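> Below, the features straight out of TrEMBL:
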| type | residues | note |
| --- | --- | --- |
| BINDING | C:CYS50, C:CYS53, C:HIS54 | heme c 1 binding site |
| BINDING | C:CYS196, C:CYS199, C:HIS200 | heme c 2 binding site |
| BINDING | C:CYS317, C:CYS320, C:HIS321 | heme c 3 binding site |
| DOMAIN | C:36-139 | domain 'Cytochrome c' |
| DOMAIN | C:181-289 | domain 'Cytochrome c' |
| DOMAIN | C:304-394 | domain 'Cytochrome c' |
| SIGNAL | C:1-22 | signal peptide |
Amino acid sequence: MNPSERPNTGQPSVFHTSRRRFLATTAMGLVALTASGARAKILFGTGLPWDSGSIEPPRQVLPGPWTFFTPREGELVEAIVERLIPADDLSVSGKDAGCAVFIDRQLSGHYGTSDRLYMKGPFQPGLPTQGDQTDLTPAMTYRQGLKALDDHCRRTMDGKSFTDLSPDQKDKLLTAMEAGEAKFDGPVGSGSLFSLLLQNTMEGFFADPIHGGNRDMVSWKMIGFPGTRYDYRDHVLKHNQKYTLPPVSIGGRGDWARKG
Amino acid sequence: MARKLPHKDVVIVGLGWTGSIIANELCDEGLDVVALERGPWRDTATDFNIGYAADELRYNSRQELMLRPAQTTVTARNNAGQTALPMRQFGSFHPGNGVGGAGVHWAGITWRFSPADFRLRSHFTERYGAQAIPDDMTIQDWGLTYEDMEPYYDKFEYLAGVSGKAGNLNGQIQDGGNPFEGPRKREFPNPPMMQTYGPTLFAEAAAKLGYKPFPIPSSLLSRTYTNPLGVTMGQCTFCGFCTNYGCANYSKASAQTTVLPVLMRKSNFELRTLCEVLKVNLDSTGKKATGVTYVDTSGEELEQTADLVILCAFMLDNVRLMLLSGIGKPYDASTGTGVVGRNFCYQMANQVVGFFDPAKYNFNNFIGGGATGMAIDELNNDNFDHGPLGFLGGGSTRCAPIGAEPISKRPTPPGTPAWGSGWKKAMRDSYLSNLSVGCEASSYANRGNFLDLDPTYTDRLGRPLMRITFDFPENDVKMSAYVTKKVAEIVRAMGAQQSVEYPRTGPWSTVPYQSTHVVGGTAIGADPSTSAVNPFLQSWDVPNVFTVGANVFPQNSGFNPTGTVGALAFRAADAIRSRYLKSPGPLVHA
Amino acid sequence: MTRIRLAIAAALLVTASFSVIAAVTAPALADDQDFTLIERGRYVATAADCVACHSVPGGKPYAGGAALQTPFGTLVAPNITPDRETGIGNWTEEDLRRTLREGVGRGGKRLYPAMPYPAYTRMTDDDIHALWVYLQTLEPVSNAVEANQLPFPFNIRLLMAGWNLLNFEPSSFKPDPQKSEEWNRGAYLVQALGHCGTCHTPKSALGADDNDRALQGANLQAWYAPSITADKRQGIGNWSVEQLTAYLKTGANHQSLASGPMAEEIQNSSSKMTDADLKAIATYLLDRTPPAGKAPAPLAADDARMRTGGAVYTDTCMACHGGDGKGQTFLFPTLAGSGLVQADDPATLIRLVLDGSRAVATDDRPTGPAMPPLGWRLTDADVAAVVTYIRNSWSNAAPPVSAGDVAKVRKTLAQAN
């Protein structure tokens, strides 16, 4: 893979072959304290270390086969995000903006597995002020919650699955879930599933397109958010005046590719 | 058994704002200093790379720069009658992680506390009588004065390059600054930031109502600046990815942009990252620290002996290390005795959101930074007469557009659906035409609010988690209701079609973000029966242990804490250099 | 930092595996313990930047270097501490003199000209003597260095005899009586001790200095060492003596910050030289005007490459370097009017965009800001466009850069990493 083709390919760069590589190399002042046997990273006396290979750029998420969802789960989530963010004169739908792809990839990563969170027991129900106390990771919540939704739907809607419902019927069911009134079997309540779905759908719709949603910066263009521009000094004093430069994503923007 | 490493003069736990300032000062004194940092090395061009620093999902939603709860978290409950449960993810506050600590992702608002803050109980007693202070309100004096702190505030402000306008120079009130602030010896090192539309409108409306607006003192810089250490910082570009993000262009003050370039060149300084300190070791008398024991990434325990141990970690970790090490008597809420864990406080974060006519108002809220904006101070602390009001305290009120990353910052008027086409239209309409005015208010100590070690939950190494027992006291809730109403008057005067008030109300919840301004637990003071450290930040019980951080605040003021935390770092360093090293031992005899 | 600063020609001292038969008595040092002489020797070693090659980062100074990648293979600078077994403890002053003057080491071993004897040949006897005395005072370090790691045929040192016949003639420094004493001191420092031409003078196919184009800029594979003549467009002709002196002393001036190999030079060498010597160097360099080259016409603003480059610049570079290309002093270099930016060879610019770099930190200017690596974000075409844009904006003018140029640098970097 030609590294120059990134970031669109999502392939790793030659420039970040290994995280914190500098700690193992001869960069000035960096010594792994192997002599004394400690594995700590030691820096001393010779200024700020430098290694361009220690960067951790994101990789472009591309549409393609699900990495977490089963085909059925994928269909369901696409059907849901299409209702949470419907296509209208303001934007394409959540599905067409890539929200389901976004959620799938998030669930495959550290977010889905709660790797970074405190997941030690004992798990016990708490007060609302004590936050989420379940032992379910987001990935497990989706897996069990989506199955419960499907079962609930077939049970209460004459054997129809969620994806077979009319837009109005879908919205009604989602509204019931939002209120926690749809009775799901299993450990994941309809309210919990809904709030997680809504949160993740909005993340996908508004996050940088590099993460798989917000395709073509659709939400940013809709609301007038210029993305990752990083310098507004020339507009600070232009009070109450529209900002006119188009949004930029971490992966750049279309104008760059114009062939000369 | 921990393996012993070669002796050092000083071991510093945590290399954030305070650790780096003190390390630099003590290296200048010729001491051999080692800093142990729990998290990774972090550097601007690689870790806050301008190509991906502006990633809301990664840095704000997923908290990339924050401590991983899997490594350490806290448990929380509102009162001693409840069972504390772990914060499985951080919500209400965001402890930092890695070199630079929370000073990497802070907002940059850099206040001095009011003169009255440092003698709060005396001040209220003098003005309103002792009966005005509720019985369970355990506010107290710091054992030092604003005048004692002034030189250290000055040092921190010049280190960080704070941009602002003095309101009081040597007792002379200055137009355009905060008239309520304590006297400064000299102006801010840099002029105030430019102001966007929202804060400008706020200042005009506030002035019409009789307030005296002034620019927020900002550690985001208004121009290129070289600090007294010779380190150059850049001009803030109002990128709008500030609070919860690292700064990609050297324009937000942090250990990285002010101290580390100099500190890391010193041959008598050594940094060990990814090393978590387990406890401070005491000798058989329990009156002297011999060093610390820590664990590296391999899991091996190592003992670093040192003559001086300085706890500069996040405030919760400083308190926890004191408790785990048996330094100072733990606080017992049932009797009100003991000092470590006492007077845990927070910050009352209040807000009013104005929704303006989208056809007429475009605030371009994405143009901003954590410390840009305008403020008033009439509603803060004791700047107004509390006599008839039935509460004490207040907050700094400011219109500070910190950015408008759209996952988290797209408010809609109450009653708007949360999804669907109706939501989309309302959200689109209000995105550029809403404006928020906040009031970051005082949090006063209460006998029932404290820190101790959790009896059930442990960290990855089996050590008990810190347990927070906290709720907003009635005094503070009353105060919040009052100031929020006042703020709403201003928002309406600005021309908002609708103003929505969010006064802080109980019970305290760990879920929504409020601020990372948790304070207290090892109060500073002149009386060892109510304070854990003396006015030089030295442990009363183990004189070769100092601790520096918001953990020494006896209560919180209506100001963001970092300016005072930075000043305390310089104060502690000065005390060690000019007093302790000449005669190691207690600097104050109680 | 990848240590390629001497990647121009292959070479180095022979010593390491050469077993010497009994140098009998230690040289008489009694007369050579003079404080001022030792100090002078230390200064000569500093000005000649011996430590840059003859040490590894974090290792004992002068005890042998890290591997240097050269076009011909890998070379390692030997141990020059007075250790008898592995250093130069058995050498005589004459051995050192011949090494520096003639490129012939002890025992007749010919050096590869990665050791800059083509410059050191102009050193004065006094400086060589002082250097010798100083080296003798170093703590002997036992560190055997395998100096010659070149592949056949370059590992045959005899080849260097032929190279020297073609390229090298021992000489000495010849002052110009028409010029001031300061100018001549500068000339000596530049030509002899400082060996500036080792990096900044273009090389012939065999790696010898092209003296007709002395100091006009040279490619070191992954870095381009720009012109340090008074050329106003591609060189440093717009700098004053004070500005150039500040750059050499502190690593930063009103326009620029040193990084890459020059950062090492400043850290080890010029930041430790006297102000008078730095001023002398500046006086000499700024008096050297090359024949005026024809400046290319800047690309039109509506050229497609300029439009794309401008978009990339606005979206990626402006928050530091500014919309006007002026940067921020001591933090972000000024691109407008920069010689490096307008140099015919864009290798350094491309490399900085792809891989970033840390500026030097000195006691006077300790900040050491860094350019972030952006090669993960920008395609070769993006980089070509943005580099072309900065080379042709704000009154700059330089030939456009192609995606192929960028690909080449990217490949070199990938190999180095």
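Cβ atoms are placed via backbone N, Cα and C, with glycine included.
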> Please report how many Å separate the Cα atom of C:HIS54 (heme c 1 binding site) from that of C:CYS196 (heme c 2 binding site), as a whole number.
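Here the two Cα atoms lie 18 Å apart.
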> Starting from the Cβ of C:CYS317 (heme c 3 binding site), draw a 10 Å sphere and report how many other Cβ atoms land inside it.
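C:CYS317 (heme c 3 binding site) is surrounded by 25 other Cβ atoms within 10 Å.
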> For the C-alpha pair, I'd like the distance in angstrom between C:CYS317 (heme c 3 binding site) and C:HIS200 (heme c 2 binding site), rounded off.
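With the alpha carbons as reference points, the distance is 28 Å.
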> In angstrom units, rounded to an integer, how far apart are the Cα atoms of C:CYS199 (heme c 2 binding site) and C:CYS320 (heme c 3 binding site)?
29
> Helix, strand or coil by DSSP: which one applies to C:CYS50 (heme c 1 binding site)?
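DSSP call for C:CYS50 (heme c 1 binding site): helix.
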> Going by Cβ pairs closer than 8 Å, show me which of the binding-site residues C:CYS50, C:CYS53, C:CYS196, C:CYS320, C:HIS321 neighbour chain B.
C:CYS320
> Among all protein chains shown, how many Cβ atoms are found within 10 Å of the Cβ of C:HIS321 (heme c 3 binding site), not counting that one?
22
> Measuring Cα to Cα, how far is C:HIS200 (heme c 2 binding site) from C:CYS53 (heme c 1 binding site) in Å?
17
> Specify the nearest of the binding-site residues C:CYS50, C:CYS53, C:CYS196 to C:HIS321 (heme c 3 binding site), where nearness means the distance between Cα atoms.
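Result for C:HIS321 (heme c 3 binding site): the nearest of the binding-site residues is C:CYS196.
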> Can you grab the distance from C:CYS196 (heme c 2 binding site) over to C:CYS53 (heme c 1 binding site)? Cα atoms, rounded to a whole Å.
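For C:CYS196 (heme c 2 binding site) versus C:CYS53 (heme c 1 binding site), the Cα atoms are 15 Å apart.
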> Hey, for the heme c 2 site built from C:CYS196, C:CYS199, C:HIS200, who else sits with CB inside 8 A of the CB center?
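Result: C:HIS195, C:GLY197, C:THR198, C:THR201, C:LEU215, C:ALA218, C:ALA225, C:ILE228.
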> What number of additional C-beta atoms lies within 10 angstroms of the C-beta atom of C:CYS50 (heme c 1 binding site)?
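Here the count is 23.
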> Express the distance between the Cα positions of C:CYS50 (heme c 1 binding site) and C:CYS320 (heme c 3 binding site) as a whole number of Å.
36
